[in-house]
Amino acid sequence: MVSELINANPIVYEKKERRARSAPSDYSDEYAAEPIDQQEVFDHVRDIKDPEHPYSLEELKVITEDAIEVDDVQSYVRVTFTPTVEHCSMATIIGLCLRVKLLRSLPSRYKVDIRVAPGSHASEASVNKQLNDKERVAAALENPNLVDMVDECLAPSYG
Amino acid sequence: MELYEGGCELKLLETLAGHSDRVWSLAWNPATVAAGTPLVFASCSGDKTVRIWENTPSHSASWTCKAVLEDTHTRTVRSCAWSPSGKLLATASFDATTAIWENVGGDYECVSTLEGHENEVKSVSWNASGTLLATCGRDKSVWIWEVQPGNEFECVSVLQGHTQDVKMVQWHPSTDVLFSCSYDNTIKVWAGDDDDWQCVQTLGEPNSGHSSTVWALSFNAGGDKMVTCSDDLTLKIWETDNIQMHSGDGYAPWRHLCTLTGYHDRSIFSVHWSSEDIIASGAADDAIRFFVENRDGLVDGPTYKLLLKKEKAHDMDINSIQWSPGEKRLLASASDDGTIKIWELASLCMENGH
């Protein structure tokens with residue numbers, strides 16, 4: 001474990017208000033699944049705790065609602081996140097947390113791409129490649145230490 | 001039997017459930033080709049087990065799971081391969097070992113465990129004569145093992161050269177030349193004998209190679225052509241000089257023939273070249289695609305065209321697609337959805353005059 005934090009003094013932002021979901025107005029569609037939208041995906045990930053600080057990814061502006069692209073018809077989501085510092089070695093952990101949370105929250109038909117915001121990280125291509133290699137992700141998630149770390153970050157994001 | 005453009009369909013024969021996690025790979029037993037003998041294949045999964053499936057041709061083509069190979073691997077089993085005789089099955093696992101199984105009167109026993117890789121083993125392949133085994137993994141190395149009497153395996157070479165995770169190894173169908181493909185975007189060709197093996201060629205971007213991870217490769221029956229599939233959303237066809245290959249040197253350089261681009265939207269995990277020259281691909285967009293050589297007006301050499309696309313072949317990513325040995329156009333696909341599907345590629349139209 002590193003004794004020094006990568007980013008000892010992160011900027012903490014205010015959380016965006018949470019909009020209540022409105023009830024479906026068309027009763028004939030009562031049992032129809034609502035299309036998944038940007039807000040819903042953001043709600044799944046906004047409270048994930050940063051691996052290093054007691055703040056959420058939303059509070060640190062690592063993830064914003066605008067950085068989430070959703071196409072429910074195509075069953076596709078792309079999440080772009082911004083690490084707080086350019087050389088953040090936690091970038092792959094954060095990416096992994098995002099991937100696991102969405103894997104557990106979205107229907108299995110969904111294809112998910114995770115990437116760091118262009119220009120926001122020194123090893124952008126390398127981090128993106130790792131995060132989108134399904135086999136590498138699967139192997140990483142068989143590592144109990146890594147899973148514990150991820151679960152700790154995800155804990156505040158449930159419910 | 002001729003294939004007619006637009007006159008084919010992919011018929012789903014059966015969906016096999018059983019694995020409790022994604023199915024990564026499957027392999028047909030090469031020995032079960034004689035008429036009347038059952039078709040057999042093995043599948044391996046994130047549930048740490050390997051399943052053996054069998055189908056007796058005389059009984060309404062229904063597949064049953066004959067055995068579950070469990071309590072051996074302690075992590076995901078990523079890949080499996082039968083020896084050419086069909087008597088042994090090698091299984092490669094994220095637990096860093098490769099297990100060798102033997103069918104002893106219907107029960108599969110683990111007769112050997114190959115250790116040495118530093119971390120996840122990703123692929124295993126037997127050479128054509130069954131005398132050599134190759135493995136590869138995330139530790140960037142390719143290992144060559146010699147098969148010895150009494151189910152003993154001796155490592156004869158540890159090949160370094162790839163700069164990243166090696167995804168698959170595959171021996172050439174008729175010569176002892178080994179091919180590997182990697183997260184480093186290249187395909188490497190290894191030749192040698194005994195304990196002296198070298199990388200004799202690297203197919204990378206300068207050779208019109210892939211621009212992202214190469215997931216798999218497959219040879220045509222003659223061994224003079226090869227297809228590779230990649231995260232860069234393309235299939236690439238490569239060729240070599242057959243005559244030079246079978247001459248004394250045993251190795252001839254490979255060159256890029258053509259790139260199939262624009263057909264896939266997401267990573268292509270598996271590709272397999274059939275004995276009748278139909279290339280099947282399985283991808284992360286849940287679709288199966290078939291490609292054949294384009295005979296309409298040769299330009300500067302052969303090109304390939306899409307014969308058929310089966311969307312939503314599975315509910316999730318397809319990890320492996322393999323043609324069966326034997327005469328019928330049967331193939332099996334394995335998916336993240338935990339199922340294996342058995343398909344038949346059938347011609348719709350009858351020939352004129354029939």
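Glycine residues also receive a Cβ, built from the backbone N, Cα and C atoms like all the rest.
Feature annotation from TrEMBL assigns repeat 'WD' to B:16-54 (among others). Packing against the repeat 'WD' (B:16-54) from elsewhere in the chain are residues 63-70, 73-82, 84-87, 89, 91, 93, 101, 108, 316-317, 319-320, 322-326, 330, 332, 334-342: each is 6 or more residues past its ends and has a CB under 8 Å from a CB in it.
Non-local neighbours of the repeat 'WD' (B:70-102) in the same chain are 21, 24-32, 40, 42-46, 48-50, 108-115, 117-126, 128-130, 133, 135, 137, 147, 151, 153, 168; each lies 6+ residues outside the stretch with a CB under 8 Å from one of its CB atoms. Per TrEMBL, repeat 'WD' is recorded for B:70-102 (among others).
The repeat 'WD' annotation in TrEMBL covers B:114-155 (among others). With DSSP states grouped into helix (H, G, I), strand (E, B) and coil, the repeat 'WD' (B:114-155) comes out at 0 helix, 24 strand, 18 coil.
The repeat 'WD' annotation in TrEMBL covers B:159-190 (among others). Summarised by DSSP class, the composition of the repeat 'WD' (B:159-190) is 0 helix, 16 strand, 16 coil.
Distant neighbours of the repeat 'WD' (B:207-242): 167-168, 170, 172-175, 179, 181-183, 185-187, 252-261, 263-273, 275, 277, 279, 281, 291, 302, 304; these residues of the same chain sit at least 6 beyond its ends, with a Cβ under 8 Å from one of its Cβ atoms. According to TrEMBL, the feature repeat 'WD' maps to B:207-242 (among others).
As annotated by TrEMBL, repeat 'WD' applies to B:311-347 (among others). Packing against the repeat 'WD' (B:311-347) from elsewhere in the chain are residues 1-4, 7-17, 19-30, 32-33, 39, 41, 43, 45, 53, 55, 63, 269-272, 274-276, 278, 280-288, 290: each is 6 or more residues past its ends and has a CB under 8 Å from a CB in it.
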Within the predicted model, mean pLDDT of the repeat 'WD' (B:70-102): 97
Helix, strand and coil counts within the repeat 'WD' (B:207-242) (DSSP): 2 helix, 18 strand, 16 coil
